[in-house]
Each structure stands twice: as C-alpha cells, then as structure tokens.
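Down below is the structure, laid out as structure tokens.
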Amino acid sequence: MNIKASRIKELETLCKNIREEILRVVSKNGGHLSSTLGATEIIVAMHEVFDSKKDPFIFDVSHQSYAHKLLTGRWDKFDTLREFNGLCGYTKPSESEHDYFVAGHSSTSISLGVGAAKAIALKGEQNSRIPVIMIGDGSMTAGMVYEALNELGERKYPMVIILNDNEMSISKPIGAISRILSSAMASPFYQNFKKHTENFVDNFGDGARYIAKRMEESLKLITPGIMFEEMGIDYIGPVDGHNIASLIEILQKAKELKKPVIVHAQTLKGKGYEIAEGKDEKWHGVGPFDLDSGAASKKSSAKSATQIYAEALLHLAKNNDKIVGATAAMPSGTGLSELIELYPNRFWDVAIAEQHAVTSMAALAKEGFKPFCTIYSTFLQRGYDQVIHDTCLMNLPVVFALDRAGIVGEDGETHQGVFDVSFLRAIPNMTLFAPRDEKSFHQAMAFAAQYQFPCSLRYPRGSFTQTSLPESSPFELAKSQLLQSNKGDVLFIGYGNGVGRAYETSKLLEEKISILDLRFIKPLDKEMLRDMATKHNKWFIFSDSAKMGGVGSAILEFFADEKILHVELESFEYEDSFITHGKTKDVEESLGLLPAQLAQKVKALI
C-alpha cells in the first residue's frame, strides 16, 4: 500500500492534536490517560484502513477509546467526557453508531469478535465487513480471551486483532502469558538457543558469530508469535505502535489475508505527555490534575473506605499468619499493594482472573487459612459460579471484601456496584454485612477474621458519609445496632453507607425518628425487627444497592414469614435500571436520592 508522504504528515498532525485534546479534557474531568495516549496512532490507523460504520470496531474494556470518539463526530462534545449527561468514558452504542458494543469489563472483545464474525458469515458479508479488535496486554491475562482464541483458531473467521502491548494493565501484568508477550528473550527456547549457539560459535570465528547474531535477532521477533501460531492464528509483529505509516500498511495486509490475524503493536504508555510516559499505574486512571505539573487538583480530606480496609487487613495480617488474600489485577485500587509487598507469600495479585481468585481462595480456606478475596463489587459478577460452587457449597470461610459498592460515579453503567446484595443474598451459607463508618469497619473486619463460614462485606468508593451518630459496638452475628430511639411512628433502617444517608435525611425532618443500623442483611436481626414492629409502623429503608432482591426485599420476606401486616415499608434503593455515569451527587440527584429529596418523599408518606 503506497501512502503519500503528505497524507502521513497529516495523520501525524492529527495524532498530535488528538493527544492535546485528550490531555486538556482529562486534566479537567479525570479519566483514563496512559493507555489512551499510547493507543492514538493505532486508532487513527484503524480508521484509515477500516470503516467503523460497517466493520465492527471492538475495544476491549474500551477505556482507551477516546481517540475513536474524537474521530467519529464527538469532538465538539468531548468536553463533557464522563460528566452527567455527557459522553461516556467507554464505548456505548446509544451514543454513536460507530460504537459497536457496550464495554467496561475486561477481556470480552475477542468473544464479541467471534460472534460478530459468525453473523457476518451467516449474512454472506465476508467480502465487505471484518471485525477489528484492539486489546491491551493486561486483558490478555484473562481466561475468556483464550476461550475465544481457541474457537477462532479452529474456525478461521477473518478478523484483525490488534494487541496493544504497553506492558501495562492497571497494575503490572501478572503471570506466564504476560512474560511471553513482554519478553521474548526470557523464553527457555530463546535462552537455550543463545547458550548453545555461543558455545558452538566460539570455535568458528567472526563469521559464525555474525550469522548467529542475525539468527538471535530473528528469534526475538518469532518467539512471541509461537503461541498464537500454534492456536491457528496468524501473527504479525512486534511492530512500532507509534509509526502511523507502518501501522496502516500492516493493517491493510492483515485485512487482505481474510483470516484471523494478531498484529502485535508495542506502544509507550502516556505517549506525548512526558510526565506520564512509561510511568506505572498512577497514570492509568486519574482525577483532575494540573497539566503543567501533573499534580492532582484536589485531594479528599476524609479517609477512604479502601484505606480503612487496607489498614484493618494489615493489622489483622500482622497478628495472624493464617490470614491470606488475593485481588484480581487491582492491588492499588483495593489497597492491597502494601500487603503484597510485605507478605508476598500470603497476598497475591492473580491478574484479571476473578474466577481463579475465588476458587484458589476457597482451596486455601479448605487448608485452614483465612482468605480475604478483595474485589470490586462489579467484578465479583465475573466469579459468581465460583462463589456458589467452590465456596458456599463447601461452606468455606472465605471473606469477600467488596470495594466500590454502590454508585461509583464517572465510570458509569458497567462499574456501578449495586447488584452484590441481591446476587449474594440468594446463596445458601453466605453471610452478608456492612460497616457504616471507620470504627465499625474495623469491628466488621475483626468479626470477619474469626468467622468460620463464607461471608461478604461491602463498602463504598471514596469515604463513608460522615455522621455524629453514637459509636459502633462490636459486630455480633445477626445483631443490628439501634442508634437513635424515639416514640414516633417512623423508623429509618440503614445498611452500610445507607446509614449515613438515613441520618442526613432525618436531620431535615421535624418528626421524631428512630434510626437502626441493620448491619447484617443475612441473617437478619429478627428479634430487633420484631421489637421495632411493635413500636413503629412506618419504615424507610436506606441502602446503596439494587431494590430488587435487596434490603427492602429481605425485610418484606421477613414480614411475610412473621405475618406482620400493619407496617408500611418504603425502600430507597436503586430501581430496576442501569445507572448512568457522572459525579455521584449528580447521579443520586437524578435518582431522587439526595437527603433533601428523600426528606420530601418521607414527608409525603407520613
């Protein structure tokens, strides 16, 4: 493919302008930065060779798709990135016809590509359409990728898979697969070749050394592709992911092959922003920052729930060598980085492998250890069968610590942690509880550490809602805490961070209100609930979880069992819909869940 030099110059300028716009907006709004900057030339080349209106453009996770948004008619709206009612930080078909599929969770792209390729074949459109996938090296650590590659290699559907290799998942990529992709020279085949060749050529002089050197350089290029070639998928690379002319030429050749091809492109994370170039996970996802210095624009004064969890777990681990733990590619986000560094034989980042994380922790529990499986609420969805089959069926004492429970803000629909109460409550042998503040969190962790059955505790992104309620008492199984007692008809029941919302709402009302920290949703404190039913006949539930199957549902089931018919119950949980992105306050306001809005609803109902 002969591309005019003038066109290449135009595209290089376009890449520069795209990076400048991404930096300008992300420094203001926050967002995903390093991988986005690094992927710019790849995305521009994709749009030069393929047609995103007809060719399915599939971005794995899609947090690196900002350049794609800018190239598909959204430049004038890019200022609204991740804002409420603005552009989503991920691909979203309802936002643009150029976005093929919703994304946000890792390692789904190749399966989507296989499905799209099957549909294209069934429609007889293989001469006019081809799936184009961009996937990062971090996503290549998840098993779903290899399930898809396994079928793809067998069926040979035409597809171009661009492996964006910047050696950067959210944290350092973990495992054998990452080593294959990031360091061909580390392979035993290559090392053995080098060792034996050096011994051999010593006897044959400079000519043999020259030939051996050329063979060695060739093997550096061949080794990463062996795995894919053995699966039946053509491999091209590694190639320079920032050479726009080369990328266009290679993608055109890959397109013309009419079979599955992996193009291995090596990129520099943070490309174009010197402060972030090649840096670690700090620049993966960022809040607003000063573009000149790179300093964060503002820092929260309140301690985050994640920090509290990390401190509590560290304290427990120092005093009990049976405590172990795992996270799935989120050591920094979940607060486990320090524990992994201090106790590398007891705490592990297992890569993007939630199923494996859950089941491996179950085996540790079987062997007498006390595992803390630390995962974002939204990502435990990916290990649900393992929670049921490998943990609860065996009744093993694994603690599931669910970070980012509730609304997570700008990451939106794919990341909201609202379903865990509903999907975990249905599992036999599972105990569910939640702290409301820092002290109760430490007490909840102390309870979890000694509990001999499966359990889960949830906590929000950011800090807990601050209150002046009475101090928390130690956690006991199925025991709630009455925080405020009055003789009126109204009872507010809070669960987890919902306790703070209940308290803030109560301050806006003139009525005398009792407030109960439920603490345990499974099992419920039936004795306390029976007593409350004799004193209050208007109950209001506050929880940052889904209404369907949630806290209100659990209490209504209790009413049905106990034949309690006189209590009126209203639940302020999330309705049956996916929750959009935006600052948490803006999203909650749109749902009518700010304290002032809730106070008005309560007034209307009492």
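FYI, residue positions are counted from 1 along the chain as it appears here.
Every residue, even glycine, has its Cβ placed from backbone N, Cα and C.
Here Swiss-Prot has H63, G104, H105, S106, G138, S139, Y273, E354 binding thiamine diphosphate, and the candidate from N166, N243, N320 in that same listed site is N166. Each of the binding-site residues H63, H105 was assessed for Cβ neighbours inside 10 Å, and the highest tally belongs to H63. For the pair formed by D137 (Mg(2+) binding site) and N166 (thiamine diphosphate binding site), distance between Cα atoms is given as 7 Å, rounded to the nearest Å. With all protein chains in the displayed structure included, the most crowded Cβ environment within 10 Å among the binding-site residues D137, G138 is that of G138. Listed in sequence order, A328, I375, F379, L380, R382, G383, Q386 are the same-chain residues at least 6 apart in sequence whose CB falls under 8 Å from the CB of E354 (thiamine diphosphate binding site).
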